[in-house]
């Protein structure tokens, strides 16, 4: 056997190796000899070849009693450049057939193959249910608990405080509509930026921006409370209200990007993409935290508002915001540390990539339009597009769900406010229960079939609820309670698919595009919700509630049909992405 090592550099050597007879030692010796033909130049002898005056030993635990004691002869050759190059010949008299038989006589290869571990099905299930970084996940849960609590408290406090300044619903409606426009237009841009910057610094910066926007909103509302505007028009054109609308849009956009980063990117890295049960449980915990914070945040500000004046309540909220900032930043850093730095790897660590470099040469409007175009392009090309469209279609259901339109309808039916409040609370608690059910559904049915079960359950109960409405007997107390019970139970299927569909998107969307596609999807969902709200504004009489309920039902049934059709004919890409699902 001959091994030749060559290089074009002047100090390189050609090395020829032949195997030597077996000896009792497990080492070989290289002894450089004096050249026979011509002396070497000083630059080779002083440093380069001087390092060969050593004795090298190679020991192995598997192949024993194999050694060579080589006799070294060095020649001097000249390469094409005319440089003097030493040539070392290592001779051996062992026949090649005997050398080849060494592997046949050895048993180390068979030993390696035999000792490879094979996991049982039970062990594989245990691994599938075990997060890749459990300590990091717990730190992430704590961070989300603090951040969601402040965010949900402010989501309830902001419209309530504005409504106390002026009784008209127009200021709150304008703020909500412009915030949705900001999400629709700025979502892809923020998502693109999140995909181009390191995860932890980008998350902390966005949370600082969100907190600053919330504090500025508190200041503007307190200032507006001291002015006591007499009419809605005077309030809408006030400088403080214009600033409030702008910072409110920034706050909503920042909150959107933070939620997408955690739910579509971070939790996947911490739980593990190929660990479906662990990922389903992590998604369920995050949804549980969000729903509980929504309930507790609204209740907390309501209690404060019942005991103190509005300005005092807003100052307490501002104190909570400032206190939560260092906690969230510290917990974010702790999440990365406990997960062995898995969040350190940015999706694209280079700041000179195509998108960030365009910020230097183009105006922000052109960059934003290009980001929206690119976001839509990537959204349409995603491998799990039908599941995402089904998720968006559920946002057309703004009537058969707890919200302003349902509250207005129930009020017109003459129900007690405590019953209306109990309906909203039951919907929230059923949503929490759905987070427990979804993980079990994934474990027993698989990810894809669990999503279909949730959508079919949701559509079936809403179909029955709409049939009860069109029966014309809602003027009586028992039918309307049955109608509300069906809507409450349907939330179980809706929230189950919300958790499961999120896991499907986490699995199918590449990590390098998670924020871009996620923010674009939320923008599309906001657009769908805005369209239905626009229809409700046009058809604003309570007598047209049945028409709006039917539109909502059609969107839910369409989502279920689209998803089930996609599930019936799985593509090769779908089989590859969900190959770990035992029920595909």
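Backbone N, Cα and C atoms are what each Cβ position is placed from, and that goes for glycine too.
The transmembrane segment annotation in TrEMBL covers 169-190 (among others).
Using a Cβ-Cβ cut-off under 8 Å and counting only residues 6 or more beyond its ends in the same chain, the transmembrane segment (202-225) has close neighbours at 147, 150-151, 154, 158, 161-162, 164-165, 193-194, 235, 238, 240-241, 243-244, 247-248, 250-251, 254-255, 257-258, 261, 310-311, 314-315, 317-318, 321-322, 324-325, 328-329, 332. Marked as transmembrane segment by TrEMBL: 202-225 (among others).
Taking Cβ pairs closer than 8 Å, the transmembrane segment (237-262) reaches residues 140, 144, 147, 151, 154, 158, 171, 174-175, 178-179, 181-183, 186-187, 190-191, 194, 199, 202-203, 206-207, 209-210, 213-214, 216-217, 220-221, 223-224, 227, 229, 286, 514-515, 518-519, 522 in its own chain, all 6 or more past its ends. Here TrEMBL flags 237-262 (among others) as transmembrane segment.
Look at TrEMBL and you will find 283-304 (among others) tagged as transmembrane segment. Within its own chain, the transmembrane segment (283-304) is flanked in space by residues 141, 144-145, 148-157, 160, 262-263, 267, 312-313, 316-317, 425, 428, 431-432, 434-436, 438-439, 495, 498-500, 502-503, 506, which lie at least six positions past its ends and keep a Cβ under 8 Å from the stretch.
The transmembrane segment annotation in TrEMBL covers 316-335 (among others). Long-range contacts of the transmembrane segment (316-335) within the same chain, counting only residues at least 6 positions beyond its ends with a Cβ under 8 Å from a Cβ of the stretch, are 136, 139-140, 142-143, 146-147, 149-150, 153-154, 157, 200, 203-204, 207-208, 211, 214-215, 218, 266, 270, 301, 304, 308, 343.
What TrEMBL records for 389-411 (among others) is transmembrane segment.
Below 8 angstroms of C-beta separation, residues 280, 283-285, 287-288, 291-292, 294-295, 401-402, 406-407, 410-411, 450, 454, 484, 487-489, 491-496, 498-500 of the same chain, each at least six residues beyond the ends of the transmembrane segment (417-438), sit close to that stretch. Among the features that TrEMBL reports, transmembrane segment is placed at 417-438 (among others).
Long-range Cβ contacts of the transmembrane segment (450-470) within its own chain (Cβ-Cβ under 8 Å, at least 6 residues beyond either end) map to 387, 390, 394, 397, 400, 438, 441-442, 479, 482-483, 486-487, 489-490, 492-494, 496-497, 500-501, 504, 545-546, 549-550, 552-553, 556-557, 559-560, 563-564, 567. TrEMBL lists 450-470 (among others) with the feature transmembrane segment.
Remote same-chain partners of the transmembrane segment (545-566), defined as residues 6 or more beyond its termini with a Cβ less than 8 Å from a stretch Cβ, comprise 386-387, 389-391, 393-394, 396-401, 405, 409, 451-452, 455-456, 458-459, 462-463, 465-466, 469-470, 532, 535-536, 539. The transmembrane segment feature in TrEMBL is assigned to 545-566 (among others).
Sequence-distant neighbours of the transmembrane segment (169-190) (same chain, 6+ residues past either end, Cβ-Cβ under 8 Å): 158-159, 162-163, 232, 235-236, 241, 244-245, 248-250, 252-254, 256-257, 367-368, 371-372, 374-376, 515-516, 519-520, 522-523, 526-527, 529-530, 533.
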